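Feature annotations, courtesy of TrEMBL:
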TRANSMEM  12-29  transmembrane segment
TRANSMEM  41-69  transmembrane segment
TRANSMEM  75-98  transmembrane segment
TRANSMEM  110-127  transmembrane segment
TRANSMEM  133-153  transmembrane segment
TRANSMEM  165-186  transmembrane segment
TRANSMEM  206-226  transmembrane segment
TRANSMEM  233-250  transmembrane segment
DOMAIN    240-400  domain 'O-antigen ligase-related'
TRANSMEM  256-272  transmembrane segment
TRANSMEM  279-295  transmembrane segment
TRANSMEM  394-416  transmembrane segment
TRANSMEM  423-440  transmembrane segment
Amino acid sequence: MRPTWEPNSKTVITIGVLFSLLNVVFIATENFWGLLLPFGLALIAAIVLALDKVLLFLVFATPLSIFYYNPDLHVGFTLPTEPITFGVMLLFFFKLLYEGGFDTKIIRHPLTIAILFYLFWIFFTSFSSQMPFVSFKVFLSRLWFISVFYFLMSQLFKKYKNIRYFFWLYMIPLSMVVIYTLYIHGQHGFTKDTSTWVMFPFFKEHTSYGAVLAMYVPIAFAFAFLLKQNLNLRVVAGIIFLILFVGVILSFTRAAWLSLILALGVMVLVLLKVRKSTLVAMTLVVLGGVWYMWGDIMQKFEKNDQVSSDNLTEHVESISNVSTDASNMERVNRWKSALRMFEERPWLGHGPGTYMFLYAPYQKPYEKTIISTNAGDMGNAHSEYIGPLAESGFIGALSVLVIVAISIVTGVKVYYKMPTRELKIIAMATLMGLITYWTHGFLNSFLEMDKAACPVWGFSALLVVLDQYFSEEKL
């Protein structure tokens, strides 16, 4: 009996034949990139038909992503996340044009307005940049991370189950990365020297690794010991918490340790319901005291000759050593170079992303360390706040500080407004995670990395959604 072909079946067969012929052409011409076309089309279909699942896949894939550099194209990106993120961003913009708008509750929130201004200022200062191509690439990368992990994630978080999925789907693969790292680290005796690279290829070095782990330690703790869920999930969360906590300790990332302590301190203040006016007064007193005693403080730091080491106690003591510890001295060298760049172009800066290419002549010979290079090719300014001063001027740095301030104020406000204990726990854990990163931001800068951008913008989006859709007035 002859088979009867339906029109849809004929279409499928025709497309299959055309794809086969196209692949033959690609292979014959040795254009192997063309073989990715079917996967690209499948990705587009998935984004259009099941965007929520694509977003959750991105969250899961981010901790496991690996950096790839193409020497022919002189382009580097993280696989598989950045190409997918870029594609999701493009379709997001097409959808915005087609539908003519976005969720007004999210758009009108103060944190969203601050983030949009931050993006605008990066875009604006790219025109005055000394290296426009570099600056526009930075703008584009910030745009796709914020579009996907802030704006689109905000829509996903409207369903409470997706909030839990978001946390679980990052924590599980992240714990796998930690297990891999500890295995490699253990083969080298868990020494400090080897701690700087054993997380490769998932993380480039230990500071970004420690920063991301610190963000999820409060989340894992909340899931293991505070949230009501079945015993199996609590046991799994407890194991993940233990893995992440050990990972943070053995990362030898001092900034990550400090950030967790500060986040814990903020949590205590929030739980004690300390008044905003009291918090502001305390902050002003601390800042005023530091400013008044800055000379004495620096003298004590310079007298501290404890360098970083395998001994955890000595490693902690070395945090304030700016006289002989090479890591700390190099960080100060980068900061001073950035401040000199800022003094030269205080309003618009030298251009987003340009610091690493331009800071070399701003170094002073007597401030260089054994880590420094004459070419000045060792990375960014090691600060989310000082870096923008050099690259985008005073307003650029201010835009970052405003985002930090609004996100923390929103987190505290959301905690008090949540109608249930479970939502309060989620809000507090999210706030603590963000505080660890923004604290870490004084000493390092990782927002150009997908592994940091996903939780930072995702946590920010979650606080906004909790504020706009889950608070007592909104329910």
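Just so you know, glycine gets a Cβ as well, placed from its N, Cα and C.
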Cβ under 8 Å, sequence separation of at least 6 from the ends of the transmembrane segment (133-153): give me the contacting residues as numbers and ranges. 51, 55, 58, 82, 85-86, 88-89, 92-93, 102, 106, 112, 115, 119, 122-123, 125-126, 166, 351-354, 357, 447-448, 450, 453-454, 456-458, 460-462
Take a look at 41-69, 206-226, 233-250, 256-272, 394-416 and tell me which one has the most Cβ pairs under 8 Å to the transmembrane segment (110-127). 394-416
Please check if the transmembrane segment (256-272) comes into contact with the transmembrane segment (423-440), where contact means 3 or more CB pairs closer than 8 Å and the residues in each pair are separated by 6 or more positions. yes
Ranking 206-226, 233-250, 394-416, 423-440 by Cβ pairs under 8 Å to the transmembrane segment (165-186), which is first? 233-250
Residue list, the transmembrane segment (394-416) vs rest of chain: Cβ under 8 Å, 6 or more residues beyond ends. 109-111, 114-115, 117-118, 121-122, 125, 266, 270, 342, 346-347, 349, 352, 384-386, 388, 424, 427-428, 430-431, 434-435, 438, 441, 460, 463-464, 466-467, 471
Contacting positions for the transmembrane segment (423-440) when only residues 6+ beyond its ends and CB under 8 Å are counted: 163, 210-211, 214-219, 221-222, 226-227, 255-256, 258-260, 262-264, 266-267, 270, 384, 404, 407-408, 411-412, 414-415, 446, 452, 455-456, 459-460, 462-463, 466, 470
